[in-house]
Amino acid sequence: MKDAPLQIHVLLGLAITALVQAGDKKVDCPQLCTCEIRPWFTPRSIYMEASTVDCNDLGLLNFPARLPADTQILLLQTNNIARIEHSTDFPVNLTGLDLSQNNLSSVTNINVQKMSQLLSVYLEENKLTELPEKCLYGLSNLQELYVNHNLLSAISPGAFVGLHNLLRLHLNSNRLQMINSKWFEALPNLEILMLGDNPILRIKDMNFQPLLKLRSLVIAGINLTEVPDDALVGLENLESISFYDNRLNKVPQVALQKAVNLKFLDLNKNPINRIRRGDFSNMLHLKELGINNMPELVSIDSLAVDNLPDLRKIEATNNPRLSYIHPNAFFRLPKLESLMLNSNALSALYHGTIESLPNLKEISIHSNPIRCDCVIRWINMNKTNIRFMEPDSLFCVDPPEFQGQNVRQVHFRDMMEICLPLIAPESFPSILDVEADSYVSLHCRATAEPQPEIYWITPSGKRLLPNTLREKFYVHSEGTLDIRGITPKEGGLYTCIATNLVGADLKSIMIKVGGFVPQDNNGSLNIKIRDIRANSVLVSWKANSKILKSSVKWTAFVKTEDSQAAQSARIPSDVKVYNLTHLKPSTEYKICIDIPTIYQKSRKQCVNVTTKSLEHDGKENGKSHTVFVACVGGLLGIIGVMCLFGCVSQEGNCENEHSYTVNHCHKPTLAFSELYPPLINLWESSKEKPASLEVKATAIGVPTSMS
């Protein structure tokens, strides 16, 4: 009991001491500020309990004159501080300083000599205009520096000298117009660099070479139009790069190959018009690829994404013109699990595209204008265990009988196994105005089964076939037409035609050069009778005009009959020879060709012709039969002789001039309506009642070279 008063005195003493210390700390805390222990993460993401002084958003004009001695984090965000004058009183253990959203106009107004323990400094959203030499020299332990959203237009070559431990540097959203590699010579340990939203316009080779440990680079929104081949040289540890919101019109393939350890690539929101063969290939560590929000992207071509053994995810969404993905676009991607293709202009996705991805687990193709026909029927054939994301948003747009139905609810047997080609309306515009001597690329893509072949027709009626160079024109195998150094002479209406065994589709574009529109020069239109039989007439035509549309209308009338009703056929304007069949013997016909122009007018010319009698035609047929037998016999003889020598003969083409021609020896007449029946139905807009005369188009030969 004697010790009780002593214990009471001791406890009272301790309590008084604690109260005194608490009172001292409360006095040290700046007025209106909050001083407390808060959780905090270091730049290395290490969690700690830090003594924090929170003076945010108090309208302070000056830096606090006094701070608790144990302060570790000082928050002065959203005040009106223009300079720091009491740096000598800084707590020695201060590790984090937030001066963002103040009125600092110069780093020289921040005396950092007593802040050697600082790890993080936030200076964003101030009024800094430059970073002079050695402006932060005293911060030898600094790991994070945020100078983004200022007015920086100049950074001295040695501005970052002394910051050899810096890990993160944020310079985005300033007024920098160039990148100087000397900035980075003092930053050997930098891992994250943000340079986006500066009016830099271009970067140079070796710009980032000193940054040997850089892991993440963001150069978004700087209006880049190209990336030099050696721009990323030296970045052997780079794992992530973002080119978001620039003006790249093609993938910087060569430059990306220099970043050998790249894992995450962001090319979103660039006007890249197509992903070409080999654009993303042999990038052995790439895991995620983003090609979203590209306003000009039309297609992903064959082998565009190839041999990426570690790729897990592709995002190609919200591309309003992306209408075509080649069946072999994604190749040798053994670990790809997620394929995001929603909200594009895709009418179909080939089954071959999915079959080439053995580890695919989920796919998103909703919010696309799906055409429910042969190309997409695989979805409902239970041939895949892939999960379709948001299946309730996957609807048919075409054909009319399925419009509005959910794709997964249309039975695959209701879709044809083969179907007409379809050129996406988004492939290219209907009118294009370009400057003289410029380079023009027109991207035409079509889906169908069997896969269609694509060729182009020039304003002068010449046919341009794939992989063929002709004057200023070159057509790529995928369907892209390149025109080099275009002049007003090459202006006019260009037509892309996609054909397969079922039929054809076409789409035209009017190209103006320097605002010049080709005028109707009333060029000549001539019809020539090439051959007359009892039941058919072979006619050809030639027109000197650059404004003709892509379809030609042939019409035949029986002159001896009162009725003027007649059936007609529409064909591509590059078909210069046409065979009218199923005619009556010894009958006079009026055959007319009607060619519309781009000015809603038409060129029309007619010719009168009388078919031969059956007797007269029979004699000629006999002669033709003899000639045919002789030709066949001679051909068999030649083949026999060649076989004796172990050679293989292949019959050459029988094409004459630039059009369909007659070859009675080698090629029998094939009805155009049998070869391309849907094509005739598609283009025939007449709703007339069937006439007594049946006129059908007949293809005499399929051209194999350019016109």
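Here the Cβ of each residue, glycine as well, is placed from N, Cα and C on the backbone.
Bear in mind that the values here come from a model prediction, so they are computed numbers and not experimental data.
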Cysteine paired with Cys444, where Swiss-Prot records a disulfide bond, from Cys372, Cys374, Cys496: Cys496
The one of Asn103, Asn382 whose CB sees the fewest other CB atoms within 10 Å, among these glycosylation sites: Asn382
Distant-in-sequence neighbours of the repeat 'LRR 7' (213-234), which means Cβ under 8 A and at least six residues beyond its ends: 172, 188-207, 240-249, 252, 254-256, 258-259, 266
DSSP residue counts for the repeat 'LRR 9' (261-282), split into helix, strand and coil: 0 helix, 7 strand, 15 coil
Shortest C-alpha distance to Asn93 (N-linked glycosylation site) - which of the glycosylation sites Asn103, Asn223, Asn382, Asn579, Asn608: Asn103
Listed in sequence order, residues with CB under 8 A of Asn223 (N-linked glycosylation site) and six or more positions away: Pro199, Ile200, Leu201, Asn246, Arg247
Same-chain residues at least 6 beyond the ends of the repeat 'LRR 3' (117-138) whose Cβ lies under 8 Å from its Cβ atoms: 42-43, 77, 92-108, 144-163, 170
Rounded distance in angstrom between the Cα atoms of Asn608 (N-linked glycosylation site) and Asn103 (N-linked glycosylation site): 90
Asn382 (N-linked glycosylation site) versus Asn579 (N-linked glycosylation site) - Cα distance in angstrom: 46
